[in-house]
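Noted in Swiss-Prot for the protein shown:
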type: BINDING; residues: Gly589, Pro590, Asn591, Ser592, Ser593, Gly594, Lys595, Ser596; note: ATP binding site
type: REGION; residues: 1-43; note: region 'Disordered'
Amino acid sequence: MAFRATPGRTPPGPGPGVPSASFSSPQPAMAAPGGIEEEDEEEPAEIHLCVLWSSGYLGIAYYDTSDSTIHFMPDAPDHESLKLLQRVLDEINPQSVVTSAKQDEAMTQFLGKLASQEHREPKRPEIILLPSVDFGPEISKQRLLSGNYSFISESMTATEKILFLSSIIPFDCVLTVRALGGLLKFLSRRRVGVELEDYSVGVPILGFKKFVLTHLVSIDQDTYSVLQIFKSESHPSVYKVASGLKEGLSLFGILNRCRCRWGQKLLRLWFTRPTRELRELNSRLDVIEFFLMPQNLDMAQMMHRLLSHIKNVPLILKRMKLSHTKVSDWQVLYKTVYSALGLRDACRSLPQSIQLFRDITQEFSDDLHHIASLIGKVVDFEESLAENRFTVLPNIDPEIDAKKRRLMGLPSFLTEVAQKELENLDSCIPSCSVIYIPLIGFLLSIPRLSFMVEASDFEIEGLDFMFLSEDKLHYRSARTKELDALLGDLHCEIRDQEMLLMHQLQCQVLARAPVLTRVLDLASRLDVLLALASAARDYGYSRPHYSPCIQGVRIKNGRHPLMELCARTFVPNSTDCGGDQGRVKVITGPNSSGKSIYLKQVGLITFMALVGSFVPAEEAEIGVIDAIFTRIHSCESISLGLSTFMIDLNQVAKAVNNATEHSLVLIDEFGKGTNSVDGLALLTAVLRHWLALGPSCPHIFVATNFLSLVQLQLLPQGPLVQYLTMETCEDGNDLVFFYQLCHGVASASHASYTAAQAGLPDPLIARGKEVSDSIRSGKPVKPMHELVRRTQMENCQALVDKFLKLDLEDPSLDLDIFISQEVLPAATTIL
């Protein structure tokens with residue numbers, strides 16, 4: 001299949017390739033009432049993983065506190081090396097790993113190694129062993145069916161609840177059910193997130209979601225680092241010391257234009273889970289291509305504005321479940337719902353052939369209108385912000401309205417009561433007032449007089465002294481007691497009734513939690529694709545095409561997505577590693593000629609295509625890729641206790657042991673960390689190992705300065721090997737780099753030119769060239785002291801010749817001048 005990039009077509013939109021067995025949630029879009037929007041600082045998310053392995057199958061479930069959701073993975077085959085489990089651990093990075101105390105030996109050894117990994121980033125998980133009885137199949141099933149979930153109506157019968165949960169949880173996957181049961185037991189015992197709550201408050205569970213690893217492309221952390229897919233660096237702000245890090249110059253950094261926090265999280269998730277699922281990838285590309293059309297630019301900008309109002313719905317729902325809702329939560333939820341409705345209305349006018357637009361149109365249901373209408377008609381945002389508590393609008397509850405009217409009329413009424421009280425007081429008391437204090441009631445307030453020093457001086461006949469505050473004496477009188485009996489504690493009564501209404505409103509919202517969860521899922525997906533479309537528009541990316549018929553990748557005029565932003569000009573290069581021809585590409589060339597940039601460019605373009613992004617190339621066709629391995633940079637760490645060369649060997653060993661015929665392997669300067677002969681031998685052995693696999697050889701790009709690899713013909717000749725070089729031109733003493741890849745082999749590394757560019761002294765460079773030439777021609781390398789002695793002899797001979805040429809009979813000869821100008825300067829090089 002030929003390469004092609006067609007940026008102007010609107011293709012039919014296939015649906016997502018990896019369906020999530022979770023609850024839906026819609027989204028809204030319009031401005032909320034006035035007031036200051038407040039978004040709380042999110043607590044650090046915790047992930048607690050429960051895992052069981054038995055008879056070659058793995059059952060996994062984990063709880064994520066960021067969205068109060070339990071994720072599970074159906075029983076999956078995994079051999080004794082537990083590579084699948086390691087992949088899951090690398091992806092979700094749990095705080096704790098819960099498992100049965102009764103385990104197979106392979107699992108026990110794996111957990112022992114996991115617990116001993118001192119260098120694991122950010123930290124090693126806590127291993128928690130529970131009694132095996134807690135993982136019994138029947139007790140786990142009963143634990144799942146008897147759980148109290150906010151998304152299940154209390155009106156459901158036991159049979160209906162079983163049917164509902166059976167549609168979500170695969171009860172035929174025994175290990176998964178046991179893992180879910182053990183996880184629920186752990187959450188109940190540890191009380192994750194509700195440690196300080198009353199014991200009657202359970203751990204909030206807002207949904208179950210299916211966690212899928214199928215069709216994912218394997219990429220290790222070293223590859224993410226060397227390709228600069230992610231790059232964390234210290235934050236320059238002194239106020240960010242706690243969080244400490246920000247995203248540096250990285251692929252994620254330039255593509256992350258998401259407007260909501262959950263969009264950023266989803267983009268990071270896509271980056272950590274590149275996929276081979278063509279239906280899912282094309283579904284993402286269809287949306288990006290649609291928004292790249294010039295006529296759709298205004299629609300994209302409008303949606304971007306709406307997405308900025310989509311906030312942390314799971315956190316709000318969690319607070320509602322715990323009855324910890326804040327005033328700002330209602331305002332944020334109101335804006336979120338109306339923004340989601342705006343997105344739905346916009347998507348209704350877009351092509352329904354695109355799956356995402358169809359999903360938003362269908363799944364942003366009328367429940368959103370119901371939620372928005374309830375909040376808008378009940379919550380008095382202006383008054384709530386003023387009083388910093390939940391208050392309701394007028395005409396919601398006649399009893400509350402009546403009490404508020406009475407409370408508002410109190411000031412004038414209390415003024416009249418105070419005048420009557422003053423008439424009954426001693427004439428020495430100049431003034432008084434009647435005040436209302438919530439929880440205490442009505443009191444008579446009298447200014448403290450000069451003679452009122454001792455407590456006994458505060459006594460006034462007919463009044464009961466209560467307390468002294470700010471030089472005011474507060475008393476109960478017969479009239480204030482009558483007011484207490486007549487009016488009661490109005491403020492607290494109003495507050496209690498409004499809290500009751502808030503609880504009823506919370507129940508209405510929680511009953512529709514699935515639609516809110518789906519809002520977040522689809523809105524974050526739309527946010528990510530709008531961000532990728534924006535980057536593709538600004539940087540001139542094109543749509544990649546996927547072909548299961550080819551192996552490897554074909555790229556026409558590809559560019560490095562980061563380097564092209566840092567360089568004034570960038571020379572594009574093409575790549576063709578499809579089919580059985582040239583599976584091993586050996587790239588030679590001078591230092592600084594662009595070999596490493598080219599390797600990273602191939603890796604990054606392939607990675608971008610596997611996350612469903614447009615790519616920096618004129619055309620790109622991606623075949624079947626199941627993994628990307630790299631040996632480009634040594635990720636050194638003191639805690640590893642390994643030498644730089646040992647780290648290099650470990651990286652190559654990963655590729656040798658795990659790469660298949662569908663893997664992409666990028667190797668840069670392997671073998672440079674040891675003796676050149678040994679390094680060359682190791683590189684040759686690795687390449688010959690892969691070449692011996694024939695058509696099953698991975699797609700390998702090797703950049704090296706070991707020209708002997710080619711000159712000595714250490715690799716077998718055949719169609720599997722292809723030699724490439726970076727084009728250069730010698731212009732006198734200068735070396736001109738064209739940064740263009742071409743067929744052939746470099747004649748020299750031109751290390752001396754690179755050394756001169758780096759500022760090394762000329763004598764050092766000259767000596768280096770002399771040694772290099774001697775080795776290359778097979779001549780012995782002369783030590784430095786012999787060179788010095790030979791130079792001294794040459795200088796002595798030159799001075800003797802000058803003496804022999806003197807004409808001592810010449811009357812014009814001045815020996816003083818001869819000594820000062822010829823002999824003394826030469827003496828410094830002789831003595």
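The backbone N, Cα and C atoms fix where each Cβ goes, and this holds for glycine too.
Just so it is clear, the model here is predicted, and its values are computed rather than measured.
A count of other CB atoms within 10 A of each Cβ picks out Ser593 as the most crowded of the binding-site residues Asn591, Ser592, Ser593, Ser596.
Long-range C-beta contacts of Gly589 (ATP binding site), restricted to its own chain and to partners at least six residues apart, with a cutoff below 8 Å, comprise Lys595, Ala703, Thr725, Met726, Thr728, Ala746. Those residues of the chain, other than Gly589, Pro590, Asn591, Ser592, Ser593, Gly594, Lys595, Ser596, with a C-beta within 8 angstroms of the mean position of the ATP site C-beta atoms are Ala703, Met726, Phe737. Of all the binding-site residues listed (Pro590, Gly594), Pro590 has the fewest other CB atoms within 10 A of its CB.
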